[in-house]
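Novice: Take this structure, written in structure tokens, and hold onto it; I'll ask about it next.
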Amino acid sequence: MAKFQAPRGTLDILPEQQPYWQWILSEARAIAGQYGFRPIEVPVFEETDVFARGVGTGTDIVEKEMYTFEDRGGRSLTLRPEFTAGIVRAYIEHGMHVLPQPVRLYSIGPVFRYEAPQAGRYRQHTQFSCECIGEADPLADFEIMSMAWDLFDRLGFTGLRFEINNIGCPACRPRYLREVLIPYLEAHRERLPKIDQERLQKNPLRVLDSKEPETQPIIAAAPVITDFLCDECRAHFDDLRHYLDLMGREYVVNPRLVRGLDYYTKTVFEVKAEGALGAQNTICAGGRYDGLVELLGGAPTPGVGFAAGIERVMLLLQEQGIQPPPLEEPVVFFVHRGQAAKDRAVQLAHTLRTAGIGTEIAFGNRSFKSQLRQAGRSSARFAAILAEGELERNEVTIKDLASGEQTTVPQEGLVAFLQACLSE
Ligand code: ATP
Ligand code: MG
């Protein structure tokens, strides 16, 4: 039989990489808590329309990347390609508009996109997604960006680049598109590759987001939306920049930064880390989505959020040579001789674990020497040795595996002794 492999474009995060993974997730949760975000879990799949509407037809995600299937009851379901639409669906469904606003929610979990796999680009990846729903103040945009900042600072990233833009709102963007961008792009239609000609038809703003080489000079010379913002969007952008300046956050205004999702209004931003992953150096993206709640059937409600890709964060931390703190592992390894000693070791291991001291115990009936070798290869700092002599005297011999130093300890005093050693 052929050997099984993980599906194309998916990733196993093995135990060796888990110190990174767990560290990133625990810092993300800690930051979210500090900013008043509460965790929420939403289903991994939703009715297809949640994403078709919430992400928007004409986006790459909806047109090419969704895992859509019919279940046995004939419903069209889609594996979530992002969190925002599902979280907003839950906000509306559970009447969260009656809670004090804004409602700040976050989730961490897998999302699914049928993409061309490469380093940093997978068909299942993991997002840390934060949503602040029900607040229009640009300070909310700042706080969202600030969370990303704090997270990446705490992880020790260097050379981060924050890019921001304002892509207008329903009051000013349509005019920019109709009177400025579309005529400009139409004038260069001949030189656009086919995919961007299609984008021009369906979602012209997205041409500005194109990665096609032939399109780059056309994008570079395109008139920018920031010159056509309405007063409200202009003031919003100025306010956001006021807070960024106030806090001395370094950022770059990239007037060509747009998001592939239809529901984004006003603020958009992206964070790039130094690294060799090219387009996959973007570790975080977000922005304001004042149109989304209404689009999914709720009352008009502003919102702002971001999502960070955990796999990319992990790869780039590794590339930057940043070391994660180690995961907790057993500190004691029981070595025993004879069934009576083995039984006593089982009891004492239980006592230690109950006291919060991680403990391993040798299996089988290998020789003392081989068990000690095993202890030396384990994560343990101490071997706890039980042979006939120790059993008779109700003692344990504790061997410090680094120094080789041995101490005899009464069994009743074992927990206290180890706690004292560990707190030194
Ligand atoms: P890209 O332009 O790289 O395709 P995107 O605009 O599709 O990204 P978002 O939808 O904003 O990305 O997702 C938020 C974050 O999730 C990205 O900034 C990135 O860190 C991560 N991400 C997106 N797609 C993938 C993927 N296929 N594999 C791994 N991480 C991803
Ligand atoms: Mg993408």
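Quick reminder: no glycine exception, Cβ is built from N, Cα and C everywhere.
Where the annotation comes from TrEMBL, it is an automatic prediction and has not been curated.
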Novice: Could you look at R72, R113, R154, R241 and say which one TrEMBL places alongside E82, F83, T84, Q127, E131, R259, Y263, Y264 in the L-histidine site?
Specialist: R113
Novice: Counting Cβ atoms within 10 Å of each candidate's own Cβ, which of the binding-site residues T84, Q127 comes out highest?
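Specialist: The residue with the densest Cβ neighbourhood is T84.
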Novice: Using a 10 Å cut-off on Cβ-Cβ distances across all protein chains shown, tell me which of the binding-site residues (E82, R259, Y264) has the largest neighbour count.
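Specialist: Most Cβ neighbours within 10 Å: Y264.
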Novice: If you measure every Cα to Cα distance among E82, F83, T84, R113, Q127, E131, R259, Y263, Y264, the residues said to bind L-histidine, what is the biggest one in Å?
Specialist: 21
Novice: For R259 (L-histidine binding site), which of the three DSSP-derived states applies: helix, strand, or coil?
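Specialist: The residue in question, R259 (L-histidine binding site), is coil (DSSP, three-state).
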Novice: Averaged over the domain 'Aminoacyl-transfer RNA synthetases class-II family profile' (1-325), what pLDDT does the prediction give?
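Specialist: Looking only at the domain 'Aminoacyl-transfer RNA synthetases class-II family profile' (1-325), pLDDT averages out to 95.
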